[in-house]
Each structure stands twice: as structure tokens, then as C-alpha cells.
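Since the structure comes first, as C-alpha cells, the remarks are kept for the end.
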Ligand code: OAD
């Protein structure tokens, strides 16, 4: 029987481990990279297969939905079906477990895949909405999601219609050019200004206003630790850059901070 390969804990800075252990209010800010090890491509990953001819920016727009509602709805249904086949990975699970180690943890995500909640994280601040909360494009009535219909060989799916006004149902995500949910944004910004440590995990730091949150923490002289296998636009301002995959670094970091973790 082959030995189970365990990843040895990475050598972490002692001050980092102390700050993590002593944190009274920790913010974890995540992007698409935290779901990469669950099998969900990030935005900077090339879209594969049927969708490779499109850029997310071409489809994640109100105008795109007005122009071709079935194409946009089909793309989101394809993503929803993909997410339904995926499971939270050790990064999501570790973040969920971390909430039991610090007095207060605010989890802010740019992701719409719902994997943090499926991993057990409570009260996730979903800055960009959720695939699981479709609503009417015209009157805003929420429409409970059906089981994902898309298969890999489908592109256009006609959206369902609103029971209230007959308008097309749209994905419950924030599109380019749209405002973030006001209450969620204000809670996220206040947490970024008031915490004593921030972990920025799996984000390229390119899309605003979400990407301003780590910078807001730095402005408040709050240490920010970035976890990403690649350098990002945020590297220069980070207290620590932990170069590695979230599903490897986070469990190792917490094991180093709390050996009984
Ligand atoms: P991106 O695709 O821009 O960046 C994903 C980041 O994850 C990159 O920096 C990768 O290096 C990193 N990454 C890849 N694999 C990783 C792993 N295993 N562990 C940790 N990091 C990994 O996605 P976001 O930064 O989330 O906006 O993009 C932000 C927003 O851009 C999205 O929310 C979306 C998109 O347009 C809207 O939908 C409004």
C-alpha cells in the first residue's frame, strides 16, 4: 500500500502565526482561485469547449442578456451544472473550520458558486451575488432555481419567465456595470477597515470595487496576507505573499498555527 502523501507544513513566519492565533477579528477575502481545486475554472483560465469563443466580459453584461437571453442563460446554466458536480475543497473546508478558532471571522467572497456555504461557512458576504438566486430581469422577483439543466453540449437555453410579470429570469449575479448589493458591500468594507488581519485568497485583485478591500485594509495599516500560486496586482502592498495553492497553503498554515487543528 502506498504511503498517503501528506504535504509537510510550510515554514511560516512566527509573527504571522502569532497574529493569526491572537486575531480578534479576521477577514478572509476570496476569489475564483479558492474554487480552482474543486474543478471550477477561474476567470483568467481560458474558457474551455463550447464557451472558449466567448470572454466572460461578453456574457456577464445586461446588454448581452437583452441581446441574447438564451445564450447568457445557457452559459450560467452550464456553470451552475458544473458547480453542482463539484465539491468544496480543503481551502473552503479550512476557512469554514477557521470560524471556530477565532472570535470573529468575516468571510467576503467574489465567487458566485456557493461553495463556501456548502463547506459550512455561515453568513458569507457574496459581493457578486450567487448562481443560486435567479431573479426576474424586469421586476426583480426572486425565482427559486430549478435543478441545473445544462449539459456540456448545450449552448442556448431559453430562460424561464417570471410568475409575476412574465419577464425573463436572469442569473442572480452582479454583471459588469452593475452595482454590488449595497448592504453586503457596506458590511464588507466595514470589516476590511475594522479587522486585525486579512487573508486574501485566490484573487487576481483586478476587479473593482472588490479588489479595493485588501487595499483598504492596508490603508488602515492592517496586515494582509495573500495566498496565490501566482504574483498579482496586490503583491507589492501585502504583508506576506504565500505562493501556493489555497487547498495546500491554508490547511498547512492553520496546522502550523494550531497543531491540534
Ligand atoms: P481571477 O480569475 O481574476 O483570478 C483568480 C486568481 O486565482 C488568479 O490570481 C490565480 O493565480 C489564482 N489561483 C488559481 N488557482 C489557485 C489556487 N489553487 N489557489 C489559490 N489561487 C489560485 O478571479 P477573481 O480574482 O475572483 O466578477 O476575479 C474577480 C472577478 O472577476 C470575479 O468575481 C468576476 C470576474 O469578472 C464578476 O463576475 C462581477
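Each residue, glycine too, has its Cβ placed from N, Cα and C.
Pulled from TrEMBL:
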- 128: active site, proton acceptor (ACT_SITE)
- 76, 79: substrate binding site (BINDING)
- 110, 111, 112, 113, 202, 203, 204, 228, 229, 230, 246: NAD(+) binding site (BINDING)
- 136, 139, 162, 165: Zn(2+) binding site (BINDING)
- 7-261: domain 'Deacetylase sirtuin-type' (DOMAIN)
Specify the nearest of the recorded positions 76, 79, 128, 136, 165 to residue 204 (NAD(+) binding site), where nearness means the distance between Cα atoms. 128
Cβ under 6 Å from ligand 1: which of the recorded positions 128, 136, 202, 204, 246 qualify? 128, 202, 204, 246
Which residues, sitting 6 or more apart from residue 139 (Zn(2+) binding site) on the same chain, put a CB under 8 Å from its CB? 162, 164, 165, 167
Restricting to the same chain and to sequence separations of six or more, state which residues have a Cβ under 8 Å from that of residue 110 (NAD(+) binding site). 30, 31, 32, 127, 128, 203, 207, 210
Just checking, which of 202, 229 (binding-site residues) has the fewest C-beta atoms within 10 Å of its C-beta? 229
Given the recorded positions 79, 128, which one has the fewest other C-beta atoms within 10 angstroms of its C-beta? 128
Please classify the secondary structure at residue 136 (Zn(2+) binding site) using three-state DSSP. strand
For each of the binding-site residues (112, 136, 162, 165, 246), count the other CB atoms lying within 10 A of its CB, then report the residue with the highest count. 246
Within 10 Å of each Cβ, count the other Cβ atoms, then let me know which of the binding-site residues 76, 204 comes out lowest. 204
Segment-level pLDDT (mean, integer) for the domain 'Deacetylase sirtuin-type' (7-261): 93
Cα proximity to residue 202 (NAD(+) binding site), best match among binding-site residues 76, 79, 136: 79
If you measure residue 79 (substrate binding site) to residue 112 (NAD(+) binding site) at Cα, how many Å is it? 10
Other than 136, 139, 162, 165, which residues of the chain come within 8 Å of the Zn(2+) site, judged by Cβ distance to the Cβ centroid of those residues? 137, 138, 140, 141, 163, 164, 166, 167
Using residue 136 (Zn(2+) binding site) as the reference point, find which of the binding-site residues 76, 112, 229 has the shortest Cα-to-Cα distance to it. 76
